[in-house]
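The structure appears right after this line, and notes come after that.
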Amino acid sequence: MALTAESESRLYRSLRVAAGAAAHLVALGFPAAVAVLARPGSSEGVWPVPIPLPSAPQFSFLMTEALLIFSPETSLLRSFSRKVRVRAHWALQLLALLCALLGLAIITYNKHLNGKGHFVTWHGLTGLLAVLYSGGQCAGGVLLLYPKLMKNWTLAKLKLYHATSGLVGYLLGCASLMLGMCSLWFTTTVTGASWYLAMLCPLVTSLVIMNQVSNAYLYRKRSQH
């Protein structure tokens, strides 16, 4: 029997709720797993905080939660006003950027101590690009706080471009994470089905965030024409 439009809507909403809940679990579980694997004294670390640890939470927890704040179904702050959610988004994004800069500094210094080349792998290059992009994205977000600075742009258009460019930055960060999971340290530490499960984590959150942004901005933009 064919589903009615109302049934399809309920089913779609249920799927979005389930996917959002999975994204929250992955965002918390992935960095926790990395923290256990990359414990002090590992082959990569010369610090009390192991090398992979500062980078993993940036895109897997802080940035994911910063974007999920605006999810109409699974936001942890959906009962709060949009103003509160925007401020929380800003706080998480700034923490994510600081975390990324810390990770970049630690990795760079570790490479220097061990006489290794800087940014010679795809993981290193995409990681550097993701950090720079995040900094630019945070700077661009200031325009949403002071839209009068852009006299020829409407607030709606600024929000659209900020959301879509933020999605690009998020996907870039996830790509860097996945390339990092192809490193010798990670493939030696995590093997078999566990490695495939780890690779699935950024894919899950990417799909959820892509669906959220598409429904909130891109689909709405098309429907207005």
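Glycine too: its Cβ is placed from the backbone N, Cα and C atoms.
Within the model, the domain 'Cytochrome b561' (14-220) shows a mean pLDDT value of 83, rounded to a whole number. If you look up TrEMBL, you'll see 14-220 marked as domain 'Cytochrome b561'.
Annotation source TrEMBL lists transmembrane segment at 17-38 (among others).
Here TrEMBL flags 89-109 (among others) as transmembrane segment.
Residues 55, 59, 63, 90, 93-94, 96-97, 100-101, 104, 107, 153, 155, 158-159, 162, 165-166, 168-169, 172-173, 175-176, 179-180, 182-183 of the same chain, all 6+ positions outside the transmembrane segment (121-146), place their C-beta atoms under 8 angstroms from a C-beta of that stretch. Marked as transmembrane segment by TrEMBL: 121-146 (among others).
Per TrEMBL, the feature transmembrane segment maps to 167-187 (among others).
Tertiary proximity for the transmembrane segment (193-213) is limited to same-chain residues at least six positions away from its ends with a CB under 8 Å from its CB atoms, namely 16, 19-20, 22-23, 26-27, 29-30, 33, 59-60, 64, 67-68, 70-71, 163-164, 166-167, 170-171, 174, 177-178, 181, 186-187. Sequence annotations record features per position, and here TrEMBL assigns transmembrane segment to 193-213 (among others).
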